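Visitor: The structure follows.
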Amino acid sequence: PSYFLLVGIPGLEKEQFWIAFPFCIMYGITLLGNISLLLIIKAEPSLHEPMYLFLAMLAFTDLVLSTSTLPRMLGIFWLGWAEIGFPSCLAQLFLIHTFSAVESGVLTAMALDRYVAICCPLWYSSILSVPAVGALGSLVLLRGVVLVSPMCLLLYRRHFCQPHVLPHSYCEHMALVGLVCGDTRPNSIYGLFVAFLVVGTDLVLISVSYAVILCVVAGLPSRAARRKAFSTCTSHLCVILAFYIPGLFTFLTHRFGQGIPHHIHILVANLYLLVPPTLNPIVYGFKTKKIWDRVV
């Protein structure tokens, strides 16, 4: 098809004009917070360490995720710009799914960074050197591109049934698969494979890392050291939960949540792309003393 029509939030077409205002405020916080983090980390040589370099990768990923969806979404909610060209739709799908995979990989890398820093402090500088951090970031990006590209190619080669109305606020893989004519099992199976490979692998690594970290922290002799380590871990876990819980909810309801109202599903899918980018700079900005001192 030459274009699709994005509905926005099905069932809340009248209310979405007002829903757009908090979305716009959150997007403003996302831009201000993540751009500030990138500028601060770039300008301050003392922040050119693995933990802060991973944080810069996370900030850049959040900017791409939110900017690839929110301006278009606000255009639908406020101005009725429902039409999106097929190439633009595929490009949006590619950016959303690629950088969702990248964000998951960066969160995993940050968990491994904390694991090495707390459990193997003497080896920290040799294991996580700046070149190693750059290579790890490149590998995470490459993984996202390699896994998501076939998803887009499979959709590009399919025929779509009329009408080309997409009951969503943005171009999402399973929403597009629902408009495909004929057998959609290859698309669905590959989508499941990518989701389980990325989320399954990353969640296992994150869970194991933090389980070991908490065991080590609980055995520290100093109460102040335990409190500081627990505080850092709590911040990271909040960010991780804010990303994975709505993401898993969106993924599962597409396939198994037929009883869940469609507007709830779409709202959570929208928040999945907006809440983590809004929270991340706030959590890390306030909880990281070096960054907060630089902000002040």
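From the backbone N, Cα and C atoms, a Cβ is placed for every residue, glycine too.
Caution: TrEMBL annotation is automatic and unverified by curators.
Sharing the record's features from TrEMBL:
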type     : residues : note
DOMAIN   : 33-284   : domain 'G-protein coupled receptors family 1 profile'
TRANSMEM : 20-40    : transmembrane segment
TRANSMEM : 52-70    : transmembrane segment
TRANSMEM : 90-110   : transmembrane segment
TRANSMEM : 122-146  : transmembrane segment
TRANSMEM : 189-217  : transmembrane segment
TRANSMEM : 229-252  : transmembrane segment
TRANSMEM : 264-286  : transmembrane segment
Visitor: Which residues, given as numbers and ranges, are at least 6 beyond the ends of the transmembrane segment (264-286) yet have a Cβ under 8 Å from it?
Guide: 9-10, 12, 19, 23, 26-27, 29-30, 32-34, 36-37, 55, 58-59, 62-63, 65-66, 69-70, 73, 96, 103, 167-170, 172, 235, 238-239, 242-243, 246-247, 249-250, 253-254, 257, 292, 295
Visitor: Relative to the transmembrane segment (189-217), which of 20-40, 52-70, 90-110, 122-146 accounts for the most Cβ pairs at distances under 8 Å?
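Guide: Against the transmembrane segment (189-217), the leading stretch is 90-110.
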Visitor: Is the transmembrane segment (52-70) packed against any residues at least 6 beyond its ends, judged by a Cβ distance under 8 Å, and which are they?
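Guide: Same-chain contacts beyond the flanks: 23-24, 27, 30-31, 33-35, 37-38, 41-42, 92, 95-96, 99-100, 102-103, 106-107, 109-110, 113, 130, 133-134, 137, 140, 169-170, 270, 273-274, 276-277, 280-281, 284, 288, 290-291.
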Visitor: Do the transmembrane segment (90-110) and the transmembrane segment (20-40) come close, with at least three CB pairs under 8 A (pairs 6 or more apart in sequence)?
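Guide: Not in contact, no.
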